[in-house]
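Record features, source TrEMBL:
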DOMAIN    165-237  domain 'DUF1736'
REPEAT    351-384  repeat 'TPR'
REPEAT    385-418  repeat 'TPR'
REPEAT    419-452  repeat 'TPR'
REPEAT    453-486  repeat 'TPR'
REPEAT    555-588  repeat 'TPR'
TRANSMEM  58-77  transmembrane segment
TRANSMEM  89-106  transmembrane segment
TRANSMEM  137-157  transmembrane segment
TRANSMEM  189-206  transmembrane segment
TRANSMEM  226-244  transmembrane segment
TRANSMEM  256-278  transmembrane segment
TRANSMEM  284-303  transmembrane segment
Amino acid sequence: MVLSEPYWDHHIPLPKLGPLQSRLVTAFVALVCFINSYDGDFVFDDSEAIINNKVAGIVGRADLLCALFFQLSFLVYCKAFQGGDKKFSVLWIFGSILLCAVAMLCKEQGITVLGVNAAYDILMVCNLNIYELAHQLSGLLMRLALLFLGGSFLLYARWRIMGTGPPSFTEVDNPASFAENVILRIVNYNYYYSLNAWLLLCPWWLCFDWSMGCVPLIKSATDWRIVWPLLLWCCLMGLVYQALCSQDSNKRRTLTFGLVLLVIPFLPASNLFFRVGFVIAERVLYLSSAGYCLILAYAVGFCSCHWKKHKVSATLTLLCVNVARSAQRSQQWRSEQSLFASALSVCPLNAKVHYNVGKNLADRGNQSAAVKYYREAVRLHPKYVHAMNNLGNILKERNELKEAEVLLSAAVNIQPDFAAAWMNLGIVQNSLKKFDKAEQSYWNAIRFRKKYPDCYYNLGRLYADLNRSIDALNAWRNATMLKPDHSLAWNNMVILLDNTGNLAQAELIGKEALKILPKDHTIMFSLANVLGKQEKYKESEGFFLNALKINPNVASCHGNLAVLYHRWGKLDLAKRHYELSLRLDPSAPGTKENYNMLKRKLELRQRTVG
């Protein structure tokens, strides 16, 4: 028998609302229209799998939950002032802090609701502006102290639970943060802010991932893109001037609070306090969208005073455009293929986009097209080890072993702890008859991933090729200990013991395997062969028949059952299964010869009887 092939690797009453609060609630309602337009970023760096997303935006559920509890925390804080700013409920404030904690557990960005609550308290509850902050009331100070203490406790709890060190990121995740020149970092950070502002204003360029060269760095003052940060700051300064210096107090408070809602939730993603692991992440705009919607709602209301005839049509147009864009984007999220294809036009320089398009094509069997996208991913990012690994696997299957070896060797040189690439390199080297190097590659893979049953399985294949039977059995036994349902390893142990004449041990291993995998027809087949050789015909027949019940179209199973009946003397049954085997596979090795022998024997029996 032949060994198996290598394994490749909820209800809260609202307080009575004033004009500004009404606009704020309107903004949160408008946020629903925007929220489906944005993607939740997710990373597809694992070379062994791609996340399968069939529901639009499902990967952003953490951000959506954060947005929900963020808003609940704010509304509960509003509930604390039903009696006015001098009569407030500490219980409701603590409830707001508790909901903030829930929002933070969903996403760290949720803690920024405390800053929004503080701004709401100052601007609307106390009815203070920037010139009156020196005359704060004792009640305000107490509430701000509660918010500060609550925020400090939450940050400390997060620090203790998640670890004391900051997360580590690579240059491809956030290239601007790795720029040596401070001025370049500042310029590029501001360019990122302008791109985020544009996504709020016009959510048309949407992509599931913005890393790996999607946004090239601004490296000189002659780069025309430097205009966009300047334009952003001009617009912001204009809004700030109107928010601080307008004679209309209602306008001041509306614009100021809109800017607070716009800016404060975005601060954790701004690179100001710590390095973040992305260039642009559309999900971080969920909460900031509320501030944008508040400012936009005020702008529409202001314009409607001057263009009353077009008030309804302008509002409906704005709503319809965003709903249509949301529907279109949701359609793109219906399948991986459409999602990845939509990213190609937005980020053609993003190696990860090309990688995922290639991976999707390979999963659907179009390996020739996948090679093209994998090669482009490697060209755009020469150190993209996952693309090298997957491209090497395809080249190995196409028998282009030399190039596959070069690619996989480069991948492990770039990332020495890349266990999957080490294992795949070992498979290629084994195919090239470089057995010593293949063995070393397998052990390197196991060194970097201690529990790696597939690598133990492939190592056993190598030892079997070298006739090192004991080592092969030990490797396969390790594979089954790490992964008890590793069918290939169990089957190969039975086959190897059968081939080396250890039939009793092969029988024990086969029966042990079937206790774990009672419906595995390949193990039943191998065990039936072992029992047949021991002349345990009745038991062997049972396993053959059970295997055929599970998979009745296996020619070799019919053929070997025919051999069993042939030896057992049940010639009519043997003849029937020989014919079934030949019908399924006319070129089955040895079956024709055995069938001819049986026919001669039947003819001889007929003549003898006659």
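Cβ atoms are placed via backbone N, Cα and C, with glycine included.
Nonlocal intrachain contacts for the transmembrane segment (137-157), taken as residues 6+ away from its ends with a CB within less than 8 angstroms of a stretch CB, comprise 85-86, 88, 90, 93-94, 97, 100-101, 104, 111, 114, 117-118, 121-122, 125-126. Counting C-beta pairs under 8 angstroms (sequence separation of 6 or more), the transmembrane segment (58-77) fails to reach the transmembrane segment (226-244), with fewer than 3 such pairs.
Scored by C-beta pairs under 8 angstroms, the transmembrane segment (226-244) has its highest count with 189-206, from the stretches 89-106, 189-206, 256-278, 284-303. Through the fold, the repeat 'TPR' (419-452) approaches residues 6, 8-9, 47-48, 385, 388-389, 392-393, 396, 401-402, 404-405, 408-409, 411-412, 458-459, 461-462, 465-466, 482 of its own chain, all at least 6 residues removed from its boundaries and within a Cβ separation under 8 Å. Secondary structure by DSSP for the repeat 'TPR' (453-486): 27 helix, 0 strand, 7 coil.
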